[in-house]
Amino acid sequence: MATESESSRSATRRYSPTYWVENMTDEQFAYFMLLPAFALVGAFALWPLWETFQMSLHADNLTGSGYVGEFVGIENYVAILTGEMTALLGAPFFDLDQPLQSALSVTLIYTAISVTLELIVGFGMALILDKEFYGRRWVRVAILVPWAVPIAIQGMIFYLIFLPSVGFGTQAMHAIGLFSDTPFINSADLLIMVIIADVWKTSAFIALIVLAGLQSIDRELYRVGRVAGASAWQRFRYITFPLVVPTLLVALLFRTIQSMRIFGIIRTIGGSGGCSTLPSLSCLVVTTFQGSGRYATAAALAFITAVVVAIVAGIYIVGFADVEGGAI
Amino acid sequence: MATVTGDDGDGDGDDGNALERSARRAMERPWTVYRAAFTFGVVAFVLITLFPFYWLLVLALTPLTNVNNIDFEAFGLPLPVPVPQGFNPAAFVEVFRLVPFHRFMFNSIFIGLVTTAIVLVIASLAGYAFGRLEFRGRRVLMVLFLAISYFPPVTFAIPIFRYFTGGVHLFTIPGVTAVYSPNWFNTPGALITPFSALFMPLAIFILTTFYSQIPDGLEDAARIEGTTRIGALFRVIVPLSAPGVATAGVLTFISIYNEFFFSFLLTDGQAQSWAPIVWGILNYQGQYQQYYNLMAAASLIGVIPVAVLVVLAQEKIVSGLTSGGLKE
């Protein structure tokens, strides 16, 4: 009697989940713990990536049921890259004659200018925050608040600043000889507004990372520099700068990857017409699949966007390896 | 130095002497000049950063009839900044009446909190595996997770959009029915699930770092006391890593509250369809486009939750943002 209940108890124990988990090897347990994260990432990141790729290899299906038509291999990619699709997309993918109207060049120009400006402003901020002074905590809060502002509100703020009938921004730009009378439907003007908005919001990100880099520098080095007779500029040039460069490159890499996604800020500052005034790569994907239901073409464009980002990120990583391996 | 300033000692007026004296003082004690310049720089910097918020306030307080002539002067005196033309605090009430802006904010905060909770639990499990266990494929899996956050959102968006509009055939139960993906478009689930997947890599990364720093002895002690493996994680490791968990939580929440792309795509923009704050703002810009004072009031109100978070948790935010940059 007693033995029977004993054995049934151990049997229940053996099948209880706790018992099962407790008796796993470390490796099994590690995979077990990663399972939920994998399920989620698999379903909402890896599967969509694969599905996007699959879709991009099919024809658009505009009449029948189903999202995409028959398998066409890389035809969509060829059509987009050779410019055959331009009429359908509403904006060319790449056209040197009108750089601010074609998606690839808009995205690259925007990224290059805004990341450069953010680097300059962010570095300045970091040098200020590296000093000890009264109220530093509040200065840091002040530069962090824009970073935390939702993209939609960031766009709204600059829309209201540059709206010719309400804001002062367009007038101010006229005063220095920039901007047309209808800035929201002028590609160059919208580009400038979007860049200003982005610099305002995200310079703080670079500043914080650079600041962390600055504060990890051994202060003794500056003492040595001063004793050796180095000027402030020389101390910056030969001590601060080389030691911050690796951190700086990581910050730039993050910012570049993010900048190349630009969509929301164009959509809010430029309104519903923003994406046709300044078509970025993401803009083109959204208008292609939402506006005209060309899922396959949109998927191909999305994949091209990922590849473009990968190429630019690759350039950074190669550069990073050089800096790490080089004399610096 | 003294000879330069002492050169033209005679024959100058009081004015010249005062100038000369201050010049001499500046030369003898250059740090006072540096400090003045530095203070000026910091103040200018903070003012420029915060100016857009001031502009929103000016616009929100100005009655609608006056928004088209906001001046840079008050009582006939020119000022360097615009000032409200009238005083109409009612805009901050009206903003909830014209568009249910409180509902949009609630939607955003609800989606943000639920997603953050899911992310913290699942990322804790994964962070434990990555931070405290040795297993084959650890590095590869970690890189795989980080790679997710590199892809631009457009590469996930199209299949996820299809998935939640019920268009994806998952499997067929033979003889019974075909099972399609859930029609979650216009419900919080359509945003919570992709957000959980896409914002998890950052949380996993932060938590891995923190969890790996807890000494093994503490965990062993808990295990000897009879805690289960998962019990030890949530009763010992997580409480001891509270700052890390808070960092991951704050960053995840802010990222979701700021998110534009999926928030824009995965709802129809109605407050009752769980559209987040992005649509609260876009509704003002689209449907009520002459109510500039309300747009400004809505933007200011929308910033409050994240501004409070920044003030309360700035150390956490800074450490979270910089840990990514410095780890590489």
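Quick reminder: no glycine exception, Cβ is built from N, Cα and C everywhere.
Keep in mind the model is a prediction, meaning the values are calculated, not measured.
Features as listed in TrEMBL:
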type	residues	note
TRANSMEM	B:33-57	transmembrane segment
TRANSMEM	B:104-128	transmembrane segment
DOMAIN	B:105-313	domain 'ABC transmembrane type-1'
TRANSMEM	B:140-161	transmembrane segment
TRANSMEM	B:191-211	transmembrane segment
TRANSMEM	B:232-257	transmembrane segment
TRANSMEM	B:291-313	transmembrane segment
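Where the transmembrane segment (B:140-161) meets the stretches B:33-57, B:104-128, B:191-211, the count of C-beta pairs under 8 angstroms peaks at B:191-211. For the transmembrane segment (B:191-211), the residues of the chain that approach it from at least six positions outside its boundaries are 111, 114-115, 118-120, 122-124, 126-128, 130-132, 142, 145-146, 148-149, 153, 156, 160, 184, 237, 241, 243-245, 247-249, 251-252, 255-256, 259, 262-263, 266-267, 274, 276, 320, 323-324, 327, judged by C-beta separation under 8 angstroms.
Under 8 Å from some Cβ of the transmembrane segment (B:232-257) lie the Cβ atoms of residues 108-109, 111-113, 115-116, 119-120, 123-125, 128, 132, 195, 199, 202-203, 206-207, 209-211, 213-214, 218-219, 222-223, 277, 305-306, 309, 313, 316-317, 319-321, 323, all in the same chain and six or more residues away from its ends.
Cβ atoms under 8 Å from those of the transmembrane segment (B:33-57) belong to residues 26, 81-82, 84, 296-297, 299-300, 303 of the same chain, restricted to positions at least 6 beyond its ends.
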